[in-house]
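Colleague: I'd like to ask some things about the structure below.
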Amino acid sequence: MAPNTSTMDEAGLPAERDFSFRILTACFLSLLILSTLLGNTLVCAAVIRFRHLRSKVTNFFVISLAVSDLLVAVLVMPWKAVAEIAGFWPLGPFCNIWVAFDIMCSTASILNLCVISVDRYWAISSPFQYERKMTPKAAFILISVAWTLSVLISFIPVQLSWHKAKPTWPLDGNFTSLEDTEDDNCDTRLSRTYAISSSLISFYIPVAIMIVTYTSIYRIAQKQIRRISALERAAVHAKNCQTTAGNGNPVECAQSESSFKMSFKRETKVLKTLSVIMGVFVCCWLPFFISNCMVPFCGSEETQPFCIDSITFDVFVWFGWANSSLNPIIYAFNADFQKAFSTLLGCYRLCPTTNNAIETVSINNNGAVVFSSHHEPRGSISKDCNLVYLIPHAVGSSEDLKKEEAGGIAKPLEKLSPALSVILDYDTDVSLEKIQPVTHSGQHST
């Protein structure tokens, strides 16, 4: 999303250094574009190829994100890279269309990230309600809203030139229109109104929503982990403690600290995962959107406050686009997609059979934690791969639980973000993606 663009021919480097710099820039930008294309194409191909990935409503949002990032890699990044390497904008009147695509695709990517965070929060905070109401139709409505907003704040203002700052007359009376140089550098100075309003819609409001949702998700996950840890400690305590043969009084037995350490490690890794999700997004896009709001307030002299030189601004632009190359790694590298990618790339034979173990945590009638596992044939695409599933005991509202006990919902809830898969211990993973509703008795609903 780079409406304020300029090329790097102002660096003032000697000819040889300038040529070397352009070569290095070309190599780096080519790798970035190719990695973005490869990652997002794999996500799209996996969803198209494997039916079980299409059966999950949450993957609709992941595929929408991949499409928006793929468009960034096809319609936006290559043309800016050409301008960076050539030192000028070589595509002439294509500038306005490119700017519109840039704003639309970047905004769609960010709004899809926001929708994913809301979807994940709803799935973990109200699993029964989520199972009933998050239908494919509801998902398509949310996706349509994200894309519609992206189009509305991009093509309409750009085509009507609402996004451009009004030309100013300098004190010497010599007027120079921004249009005079537009064919050479595609430099569009945004109006203050458009810069602030578009930044609010494209970034600041979505990032505020994401902070709230992921903070809430962490708190809910923390409660789940501590609840399971308490059940584990109770089971170990009951097993280790024996009664005396004489009077039957319980013998004092020491509490093991291993369960407390494991609980702390689980919470820490959940926090790390959520921090990576938010940290990558904010680090990539925040510098650009801060500068995007500052530049319209910059005066004619670059030494004034709010002014940013063209090279720094270009770096911020590419930082934002780099987020599109990282999204497939963060949001689509859960077990489901990893197996699909391995099959698509033909490298699943390199994976040992032990990696196909599926371990599930459940609670029996006595409230004890039970671990069960089975193995999948090597190379097969399983819905559940090498994960330990957290149980959201009493996460749903009491009203939802009553309806569930009355026989309302039959299917287990198998939804939470691919981005929220974290390691519990050295051998297994915990995934907030797979959450099965439980009743008051501690049993899974079936």
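Glycine is treated like the rest: Cβ placed from N, Cα and C.
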Colleague: Consult Swiss-Prot and report which candidate among Cys27, Cys44, Cys186 shares a disulfide bond with Cys95.
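Modeller: Looking through Cys27, Cys44, Cys186, the record in Swiss-Prot gives Cys186 as the partner of Cys95.
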Colleague: Looking at Swiss-Prot, is Gln222 on the same side of the membrane as Phe21?
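Modeller: Topo match: no.
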Colleague: Which range wins on Cβ pairs under 8 Å with the transmembrane segment (193-218): 23-48, 60-86, 96-118, 138-162, 313-337?
Modeller: 96-118
Colleague: Hey, what's the Cβ neighbour count for Cys347 (S-palmitoyl cysteine) at 10 Å?
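Modeller: I count 10 other Cβ atoms within 10 Å of it.
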Colleague: Sequence gap of 6 or more, Cβ distance under 8 Å, 3 or more pairs: do the transmembrane segment (96-118) and the transmembrane segment (23-48) meet that?
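Modeller: Taking Cβ pairs at least 6 residues apart, the transmembrane segment (23-48) and the transmembrane segment (96-118) are not in contact, as fewer than 3 fall under 8 Å.
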Colleague: Could you please provide the mean pLDDT value for the topological domain 'Cytoplasmic' (338-446)?
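Modeller: Here the mean pLDDT over the topological domain 'Cytoplasmic' (338-446) amounts to 46.
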